[in-house]
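So that you can see what the record holds, here are the features copied from TrEMBL:
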ACT_SITE  E147  active site, proton donor
ACT_SITE  D294  active site
ACT_SITE  E388  active site, proton donor
ACT_SITE  E406  active site
BINDING   T492  Ca(2+) binding site
COMPBIAS  806-823  compositional bias 'Polar residues'
COMPBIAS  832-865  compositional bias 'Polar residues'
DOMAIN    670-756  domain 'PA'
REGION    797-903  region 'Disordered'
TRANSMEM  20-43  transmembrane segment
Amino acid sequence: MSEAGGGRGCGSSVPQRAPWSLVAATAAFCLVSATSVWTAGAAPMSREERQKLGNQVLEMFDHAYGNYMEHAYPADELMPLTCRGRVRGQEPSRGDVDDALGKFSLTLIDSLDTLVVLNKTKEFEDAVRKVLRDVNLDNDVVVSVFETNIRVLGGLLGGHSLAIMLKEKGEYMQWYNDELLQMAKQLGYKLLPAFNTTSGLPYPRINLKFGIRKPEARTGTETDTCTACAGTLILEFAALSRFTGATIFEEYARKALDFLWEKRQRSSNLVGVTINIHTGDWVRKDSGVGAGIDSYYEYLLKAYVLLGDDSFLERFNTHYDAIMRYISQPPLLLDVHIHKPMLNARTWMDALLAFFPGLQVLKGDIRPAIETHEMLYQVIKKHNFLPEAFTTDFRVHWAQHPLRPEFAESTYFLYKATGDPYYLEVGKTLIENLNKYARVPCGFAAMKDVRTGSHEDRMDSFFLAEMFKYLYLLFADKEDIIFDIEDYIFTTEAHLLPLWLSTTNQSISKKNTTSEYTELDDSNFDWTCPNTQILFPNDPLYAQSIREPLKNVVDKSCPRGIIRVREESFRSGAKPPLRARDFMATNPEHLEILKKMGAASSIDAEDGLRFMQEMIELSSQQQKEQQLPPRAVQIVSHPFFGRVVLTAGPAQFGLDLSKHKETRGFVASSKPYNGCSELTNPEAVMGKIALIQRGQCMFAEKARNIQNAGAIGGIVIDDNEGSSSDTAPLFQMAGDGKDTDDIKIPMLFLFSKEGSIILDAIREYEEVEVLLSDKAKDRAAILKGKMIPSYIINSNPEMENEEQPSSENDSQSAEQITSSSQEVDLVDQGSPEESSLNSQPESLSPADTDNAASVSPSEQISNPMENHETTSLDGECTDLDNQLQEQSETEEDSNPNVSWGKKVQPIDSILADWNEDIEAFEMMEKDEL
Ligand code: DMJ
């Protein structure tokens, strides 16, 4: 696009380093599109292959959208495992996540402009008619202002933008008369009461029908909101104002942004994660580029692109400078404290920050974008998806993955900026993983645990709004899209707004804005607009040369919480700081170091605080290390073929699936169903996996009864109707307090909702075969030896309609499989892990009572799912861990007084000593505000 078309380049009054080469808001705002100059590096991908991948994306979209429309619409979202709509109030509440659901057919609205990008114009026309006919924006439901803005208002505006584009082309949408825009305006007015605060920051939630603070509204008493929640409105609100001429929306969004800018921490120029909407105090003073803040930064830069207002670029550049100074520790991006920005606030990163490399491309800062993207890609290669959170040494911290699009977004932008076909290969991997691990017969299911491959009954609307757009555009040529994508800017939900809005209804742009930039000097703009003519001209291997040193960063190295402050002094021979994991209370040198912390220099004080922080994490980690990770029940028979994976709780007795081969077999219900006495149907469960209902007797007793009847495994299904691992913490089944070594078969636990997926499958298909394992298995391995068309394995779209395997084939191979399942090693050698668990009966349930509801899970169980990985799975960090082990052994050897593992001061008592210090630190932070 040209500047005349809207948007701004560097040709403004803002200090700059180089002219914008191309103002393509879709991607490389500052960059030359290098696709045409690429000559070396990763092998180029042929047009044919790119088209094939594009077609695959189209087929995947059809699978997701088609199932939503067929089985869920007009509900807000599809539940892909149970194949029905998610209607708020009819499902157990999931807390804040549900605030996106307003009974307004969310997924349909969020998908509107994706249909046009994917060249499904006819379907778009139908979808718009449905929105106009069916969607009600006046429901008595409390929704998130942020989510409603980015998904619904953004969706309507994106739909309107492309509807008028199509109308102008003269073929489609000839009947369209701004109806989507009218709906957007109606919704805009519904959101405005949220801004009725003295600060101008919006309340986080609003009742669509009753607004805020009215007794019927059930909202309006909140005091805090996240920075992104208050700072991610300007694109949609300004577009609404400029499309309609009603200036109020842009004014309100600008006011909120002005307030946030005023409240930035003045010495670091960072913002916190949560702010009090009445006082403007920072409630959470940690600062990063991921959850809670992410799109605030994104909207400052994009507001400049869309609205051409220099003040937004100045603010963005000021924050960006602070981010690169404090948060960016390439390839990592680590949260810090806004008042002590040299102090890391966490030792883990969240998945939302994966959008940041894309934003850096828009900014024109390619090198760190390539570095962070590469690091993220390696985490993905290890776990197939980006876990919601992962540590600085790349272990899983929070194992869920709700099919987030941020990494695909950054991949697209990096490809546009560098033209490096490597990024096409990255996109191809994303497609393969989605088809292999997330695709289920009724759509795509979020990953509940990337380590086990288990699913959640959830397909968020952003998956359709964003993922398919970015993936399709990655492989598309200009002529594959029916309009010029470079005439539009992507919102944070990937909705498209036309850049010509910058020259429309501009009258409000400066009204009511506060501005004070005198403190800024040229050094704030060091990162601005590097010119890709300089970056790339004679070196097409540029991106590769940046990735190369990082290529083993995840697999081979496990950075131990990278802290840069003293990098220089390490190099000059000074000792690295004492880390919590190395600390021994019996080591005099360690005690001496500890004494110094907090006493002398500020560096010592920082060491002390970090040490405390690490001790807290270590302490909770050690508690969790007593727990077993979740397991997977994978349905492998027709028509599931491994595509449905259920999260299961392990047992503290029986075969340990993490140490033995998985167990595979057909399922059969035991009689009696509770499995509390000798089975009356041993012939039915012999050689099979028995289903037993929870309750009436101990888990171990059930296991013995089915084992005596010849079962090769057991699945206990919760008797608590409606329970689900979506809403209840998963737990491990305890033994009976006695010796359980006689139980040799594996036992897993499913909540009622997951259990009923198996029970329903039996009702429908009679023969249902499952795999019990520690992690879902690759479908190719599952189907080995079976006559299955390759589309099942590869999910190759063109073959989707081909004949399915006959039931004859199925039963034939079922025999093979049954016999192979009998080869499973049933002899449990016992493990130290189990014996240590069994030796702590006080933490375990004494019995599986028949009154489950009266026993809280926390009383009865330990929770292996609780968000954090506790041990190094998959042999991660082995090399470094070995070195560390060797190192501690050497230390021990050289100091005969040190007895490793004995006499160590309990962590609790160390923490108690430091509580006072932590409080003092917090007080200090508060005073500085
Ligand atoms: C989307 O709704 C938007 O991208 C938002 O900014 C945060 N992330 C989700 C998807 O992960």
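Numbering starts at 1 and runs along the chain as displayed.
Placed from the backbone N, Cα and C atoms, the Cβ positions cover glycine too.
Remember, it's a predicted structure, so these values are computed and weren't measured experimentally.
Just so you know, the Cβ of E388 (active site, proton donor) picks up 21 other Cβ atoms within 10 Å once every protein chain is counted.
In terms of C-alpha distance, the listed active-site residues D294, E388, E406 place D294 closest to E147 (active site, proton donor). Within its own chain, T492 (Ca(2+) binding site) has I150, G154, T232, L235, D294, S295, E298, Y299, F355 as residues 6 or more apart in sequence whose C-beta sits under 8 angstroms from its own. Look at the domain 'PA' (670-756): DSSP puts its residues at 19 helix, 15 strand, 53 coil. Close to ligand 1, meaning a Cβ under 6 Å from one of its atoms, are these of the recorded positions E147, E388, T492: T492.
Sequence-distant contacts of E406 (active site), defined by Cβ-Cβ distance under 8 angstroms and a gap of at least six in the same chain, are A351, L352, L353, A354, F355, G358, L386.
Packing around E147 (active site, proton donor) is summarised by its Cβ count: 23 other Cβ atoms lie within 10 angstroms of its Cβ, all protein chains included. Other C-beta atoms found within 10 angstroms of the C-beta of D294 (active site) number 25, with every protein chain shown included. If you average pLDDT over the domain 'PA' (670-756) in this model, you get 90.
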